[in-house]
Amino acid sequence: MQIIDAIGRSLQQVPVFADLSADYHQLVAGCGALSVFQSGETIYREGAAADSFYVIRRGRVRLEAHVPGRPPCIVDSLGANDPLGWSWLVPPYRLQFDAKALELTRLIRFDAACLRRKMADDPRFACAIYERLVPVIVGRLAEARRQLMDLYGQPAGRSQAWR
Amino acid sequence: MAITAPLVQPASHLWSISPWRISHVRRELADTFTLTLDPPADAADAAAAFLPGQFNMLYVFGCGEVPISISGAAGEGGRLKHTIRAVGAVTRALRQLRAGDVVGVRGPFGAGWPIDDTAGSDVVIVAGGIGLAPLRPAVEAILHARERYGRFIVLYGARSPEDILFARDLGRWSSRLDTYVDVTVDRAAGAWRGNVGLVTALIARVGLEAEHTVAFLCGPEAMMRFAVGALAKRGVEAGRTYLSLERNMKCGVGLCGRCQLAGHFVCRDGPVFRLDRIPNVFQVREL
Amino acid sequence: MAGATRPDDGACVLDTGALEQLIELLRADGYRVVGPQVTDGAIVLNTIAGASDLPAGVTDDQEPGRYRLRQGTPEALFGYAAPPQGWKRFLFAPDETLWRAVRTEGGFRCEEEPLASGRTAMLGVRPCDLRAVDILDQVFTRSGVVDPRYQARRAATLIIAVECTQAGGTCFCASMGSGPDIVADDANSGADIILTEYTTAGAPLLLARPVSGRGGELLASVQCRQATAADCEAAAEAVKSAARSMGRQMPADVATLVGRSLDHPHWEDVAARCLGCGNCTAVCPTCFCSTVEDSTDIAGTTAERRRRWDSCFTRDFSTLHGGPIRSSGAARYRQWLAHKLAHWWEQFGRSGCVGCGRCITWCPVGIDITAEARALTEREGRTDANH
């Protein structure tokens, strides 16, 4: 129980869950465990079962995609307080990217099956979780799209440019 | 490092360019380079005076003139640095020049970063791409009087690890215990161990107390629009947000009219503006 | 209005002979006298040798996109509205060299082009154009950095203004507070002498009010009689009739209206008609935007920089690396109109429009700045009603 209390307390420090009610903090924390990855260690791999959801407490994690014959393509990097992984929310619950620790990284690992069960039992709890994760997903999608804009690239048609 | 009040341009020499000699050319990135310029002997004292954020008009003989921010001072004698990206006819001509060649200089022009007025505050610098160039003198000025400021944060976004400008300076600032530096790139592969993502993601993650924080922004206008949004989400208001704008300009002193933006001339009233003084700039398109 | 002229203001009455004398005096004093004359079917401002060069008995029909001369009041010298070109070109050159540079051993030397010398007398400056000169004075000499080239020309310029006694087909100076009389105090109007053409029984006469010391000296040197109360009344009545017959007006709240309409759909509507030719900016007496052009001789040993009038209707005007900031016609039209009518207030504390109507007359498709401003109000009203 001490571990679960500790996890519940540290969840209050995580902005995305900070305003969950105490009851729901307990529900979430009940599925949690602490986990540590060394620099360079793989946290999960594309294609594996999405049986965990993480919140990063310390350290840095990068998401990458494996491309045969090329170095891995880095798609995003996450740091302290960031939620990691949302494939566990949608069937078929398969991970879509590799996650790798860039330095010593401490995470809270939540058992996805446990969370899904509690969400199925209590739709209001499910709603509270979605309400907190959907904005993260929307924000990351917007950022990814803006990355595609190549804002710092050389503008097209520059041969006519005044400068 | 000489940072003092802006010069009043004597009217009779409004258009006159003074010949400065290139003492050093440094290749920064594939398309970006820094010219270190020596003032003519008769102008050395006056030339050294500039405010971080101000710009000079640089002229290539017979080719044309472009506004370029001052990216630093260099040693004694009023030497100035300009960091330039070759994107058009004049900047490409500037890239052809070598040490010993002469560049025409008019300036310095415009309003700079509010270095003195923000003493006592926490300062967040948000730069993107070559937008770090006009901010480098601001960073140096703050570091020079570090005790006058609270927290000091430098966030920088670039296209890729190969496009990170002033990597050596970023490393030097980052090694200081009293300065937080974070860098991100839009795309990277393999060996890059830093952040990947938009500079806005750095804003979302950094620890800051909005009510004590002022932000200085410079980068592509769309990047600044997104960054202003991310800062607003963290509670940093328009009245505490400063940004450097870019517009087509020919004279540098508010006479040619080209850089007029709402009630301002960007060359004279800017290029650094407090965001609440140009509230329309991100709302109205093609302004 | 400065109040009706009274005989004791030093006003006097000039006939054509006295005006001729005045021109003579100026020429003898070394002035290049510039005034209106008929050239190629239009009234053009150019050097005149005497009063006989003035467009006697000529008037103009001006409508959106249309300009024609026809016979007017016989012998009247100023019976027409704003001529195509304003006086801007005599103060702010359309194309001038700023400096030349010569390659030297290991560098180059830059030499500023000498300032204009020679005095100019501008005869026949209408109240709207007089206001425009004051606006340009403010832009170039009273807003921070002084433009030495403008300042030199302006200091060597003498202005003989002529009040309007006949409204043009497109003008709206009354609603801009810049005509048809000299609206500022005479002393602050910028004129040296103010003339008003009126008709008592017989030939047109000119009531002349001295404003500056130089203007007073000039009038004292020509043969004219003192103005009577009847002269002054007749002149004042002629000016009033012009105000009464003015067909157009600018909405009074146009500055705030435009300021809050920057995203208005009506800009697209104007853009569908606007050719982007920049005629409006070329004929506008207050448009002051310019560009510079750098060039070298063919050997590459000497270079020069020229300054030319420019127009915000060109794509190049707002071009940064990559392309123009204002790539759409709608944005460029909005830029012109919003600067002139709204942002000018923020920059200079007054409107940049003097109501001369030239932009209406000389727009090839007849876009009417007053109608476009009004359309913003009307659409705004409709939008409100829908909510």
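For all residues, glycine too, the Cβ spot is worked out from N, Cα and C.
TrEMBL entries are annotated by machine, without manual review.
Given the structure is predicted, the values throughout are model-derived calculations rather than measurements.
Annotation comment: TrEMBL describes B:15-115 as domain 'FAD-binding FR-type'.
Sequence-distant neighbours of B:Cys256 ([2Fe-2S] cluster binding site) (same chain, 6+ apart, CB under 8 A from its CB) are B:Met249, B:Lys250. A coil conformation is recorded for B:Cys256 ([2Fe-2S] cluster binding site) in the three-state DSSP classification, outside any helix or strand. Per TrEMBL, the feature [2Fe-2S] cluster binding site maps to B:Cys251, B:Cys256, B:Cys259, B:Cys267.
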Residues from the binding-site residues B:Cys256, B:Cys259, B:Cys267 that lie close to chain C, Cβ under 8 Å, in sequence order: B:Cys256
Counts of helix, strand and coil residues, the domain 'FAD-binding FR-type' (B:15-115), according to DSSP: 15 helix, 51 strand, 35 coil
Collapsed DSSP category at B:Cys251 ([2Fe-2S] cluster binding site): coil
Residues satisfying Cβ distance under 8 Å from B:Cys267 ([2Fe-2S] cluster binding site), sequence separation of at least 6: B:Pro67, B:Phe109, B:Gly110, B:Arg247, B:Met249, B:Cys251, B:Gly252, B:Val253, B:Gly254, B:Cys259
Mean predicted confidence [pLDDT] for the domain 'FAD-binding FR-type' (B:15-115): 91
Secondary structure at B:Cys267 ([2Fe-2S] cluster binding site), reduced by DSSP to three states: helix
